[in-house]
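Pulled from TrEMBL, these are the features on record:
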- B:31-53: transmembrane segment (TRANSMEM)
- B:59-81: transmembrane segment (TRANSMEM)
- B:88-104: transmembrane segment (TRANSMEM)
- B:116-141: transmembrane segment (TRANSMEM)
- B:153-171: transmembrane segment (TRANSMEM)
- B:207-224: transmembrane segment (TRANSMEM)
- B:252-275: transmembrane segment (TRANSMEM)
- B:287-320: transmembrane segment (TRANSMEM)
- B:326-342: transmembrane segment (TRANSMEM)
Amino acid sequence: MSEPILSLRDVYADIDQYHILHGVDLDVPAGELTVLLGRNGAGKSTTLRTIMGLTTLTKGQVRFQGRDIGGTATPAIARGGIAFVPENMGIFGQLTVRENMVLAAVSGAMDEQRLDWIFEVFPPLKKFWNRAAGNLSGGQKQMLAIARAVIEPRDLLLVDEPTKGLAPAIINDLADAFEQLKQQQVSILLVEQNFNFSRRLGQSVAVMSDGHIVHRGTMAELAGDEDLQHELLGLGLGAHQ
Amino acid sequence: MSAPQDIFDADTGNRSWWERLRAFRQDKPHLFLLLIMVVIPLFLMPSSTWAVLTLSGLAMGAMLFLMASGMTLTFGLMNVLNLAHGSFISLGAFAGATVLTMWLNDYTSGSLWVNLLAVIPALLFALVVAGLLGVLFERLVIRPVYGDHLKQILVTVGGSIIVMELLQVIWGSNEIPVPRPEALRGALLISDAIPIIGGIALEKYRLLAVILGLGVYALMLWVIDRTRLGILIRAGVENREMVEVHGYRIRLLFLAVFVAGSALAGIGGAMWAMYREIITAHMGEELMISVIVVIILGGLGSVRGCFYGAVLVGLINLYVGYLEPRLAAVATVGLMVAVLMWRPQGLIPVIKV
């Protein structure tokens, strides 16, 4: 494992009166794709939102590239180099695809070369460039959400369940896109329920249960150990399609 | 009016006129209503009266739009109900009137340019003073109560009372007459050769109000539709959190919009002062009813809706005021009730996540 780009130490977070995270310890190695697995309600999304500053950190430390970003405001965290694709994708439906992208290119003009690459990976975005993003299909919205996150070079991508509700063919396209991002050495923290998708992409893996991390290791190790999968996720590969 | 044409072009051509009308009503409710509003009175009064009332209604609509647009944006972007918006209108009126009085005491010339030279600084002063109050108000009054409508209502009504009392402390509690510049008095006579509106007199000041209102509307649409700031505002109306996730500080954006909205209310107030030629500290409070009707009618948060809402309220006020003066005030609220029964979300709703 290389040096972590992001590390969480003993992180606690609450939503209203509920304690959601109880002491999360997590490292995201630089230049790798890390998958965060776990059942519904384990605290995966809250972990991402806490990193992003959207859920308040009540205790513990979040270090990004060596700097403590716990308690920093969300816009500053974003400008520091972290992009976040939430579970509901957070598309601006009333804006066109182009306007969504213009907004995501925080520094000003969009880089033509990067845009060409995005069009190559996600052709529908080019086709519907001037259409309202709200009219896109679920898969196309997910493409737009990921495209927004990568229109400018970022140091870390946080992606929450990109495959949720998508058709298998589209999930395949998404996996191809993540492969390309991996080749560019972008560090990614991916929350997933789809184990096949995670197994194909993930290099390291962490499993959450009840607000903390219960397993850390390489994806190869977890993928090869069905008993461990049963123990951690309650499901074997065969059942978890 | 090119918009209905677009709908008709998209048709295959074999739909009946009735279906087309229904599609038009469905797709462009604001234009549909405006068309009805303008056409029906034409049968109830002489055409020259109709033309004068229509211009006056448009002028009133333009001023209402200036006053209401800031409030609708504030609500749309940050979900803040600022019931003190009326005090910005009053402040703008007093600030504008003060500059105007000082200027016109020195120059009694009837020249259009000298007069405009007095009107422009008066409007600019109203804009700046109301904008500055906006900065202060956002800091002191609004910021502590984000996200809580009940507190917003209580605190902004309180703030509004304080501002109005301060206005009375500074300018006194009597009504103040506002001189309208010489060149903006009187009317333009339309040549008899033109049908329908031939021979009527169009009041110059109302023409100016319409031109200014349309200018501000065009500028706002340009900013909102074409600029990066506009994209951010629209995105913020839809989903504040995602705007922050992209690295933008929504609070700064909101402050900017709040100040712009306050400044516009100030200009609207100054325009209204010159229109009525008399002002009181409570004029803003009285106008707030119309302002609230306008923004609800148009769809909360929508600038386009606000514009059409303001024009509709202005027109119905003038038409009904002519046909049955006692019903003028009822008509405004009646219009809102009728529209809400038809479209509870307003004419041009803004969709939020």
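Note: Cβ is positioned from N, Cα and C throughout, glycine not excepted.
Remember, TrEMBL labels are computer predictions, not curated facts.
Sequence-distant residue pairs (6 or more apart) of the transmembrane segment (B:116-141) and the transmembrane segment (B:59-81) include fewer than 3 whose Cβ atoms are under 8 Å, leaving the two stretches without contact. Ranking B:31-53, B:252-275, B:287-320 by CB pairs under 8 A with the transmembrane segment (B:59-81) puts B:287-320 at the top. Just going by CB pairs under 8 A, the stretch in B:31-53, B:153-171, B:207-224, B:326-342 that sits most against the transmembrane segment (B:88-104) is B:153-171.
Contact check: the transmembrane segment (B:287-320) against the transmembrane segment (B:153-171) gives fewer than three Cβ pairs closer than 8 Å, residues 6 or more apart, which falls short of the contact criterion.
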